[in-house]
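Trainee: Dumping the structure here so I can ask a few things about it.
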Amino acid sequence: MASFSLSILVFFFSALVLVPQGFAEYYLYPAYRPPQTKPPVNKPSHKEPPVNKPPHKEPPVHKPPHKDPPVNKPPQKESPVHKPPRKESPTHRHPPAEDNIHF
């Protein structure tokens, strides 16, 4: 029985030496730390409804019509243009009385 307890003792001792973190070390969750800043609060955006305004129009401004100042120019005489007398085509003439069939 002494050899059995001695072998178990050697086994546990070698396990403590060979395993770097040891048996007592197990995973611990990180300690709770309160946040340094407050999280942003999601507030609904408060937008006022648009106000229906008529479009801004400038009032009409009365402007007198623009008149050019009179310019004193001597009257210009048109040069006479020679036009040949107008000749009527023979189709527009009245037929002679003897060829007229209308009474």
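A Cβ is built for glycine as well, from the same backbone N, Cα and C atoms used for every other residue.
Straight out of Swiss-Prot:
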SIGNAL    1-24  signal peptide
REPEAT    34-38  repeat '1'
REGION    34-103  region 'Disordered'
REGION    34-88  region '11 X 5 AA approximate tandem repeats of P-P-[QVHR]-[TNKH]-[KED]'
REPEAT    39-43  repeat '2'
REPEAT    44-48  repeat '3'
COMPBIAS  45-103  compositional bias 'Basic and acidic residues'
REPEAT    49-53  repeat '4'
REPEAT    54-58  repeat '5'
REPEAT    59-63  repeat '6'
REPEAT    64-68  repeat '7'
REPEAT    69-73  repeat '8'
REPEAT    74-78  repeat '9'
REPEAT    79-83  repeat '10'
REPEAT    84-88  repeat '11'
Trainee: For the repeat '5' (54-58), could you work out the same-chain residues 6 or more beyond its ends whose Cβ comes under 8 Å from its Cβ atoms?
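Mentor: That would be none at all.
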Trainee: Excluding the flanking five residues on each side, which residues at least 6 beyond the ends of the repeat '2' (39-43) place their CB within less than 8 Å of a CB in that stretch?
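Mentor: Non-local partners: none at all.
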Trainee: Where DSSP helix means H, G or I and strand means E or B, what are the helix, strand and coil counts for the repeat '2' (39-43)?
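Mentor: For the repeat '2' (39-43), the helix, strand and coil counts are 0 helix, 0 strand, 5 coil.
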Trainee: DSSP on the repeat '6' (59-63): how many residues come out helix, how many strand, how many coil?
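Mentor: Counting residues per DSSP class in the repeat '6' (59-63), I get 0 helix, 0 strand, 5 coil.
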Trainee: Which numbers of helix, strand and coil residues does DSSP report for the repeat '10' (79-83)?
Mentor: 0 helix, 0 strand, 5 coil
Trainee: Can you give the mean pLDDT for the region '11 X 5 AA approximate tandem repeats of P-P-[QVHR]-[TNKH]-[KED]' (34-88), rounded to a whole number?
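Mentor: Overall, the region '11 X 5 AA approximate tandem repeats of P-P-[QVHR]-[TNKH]-[KED]' (34-88) comes to a mean pLDDT of 81.
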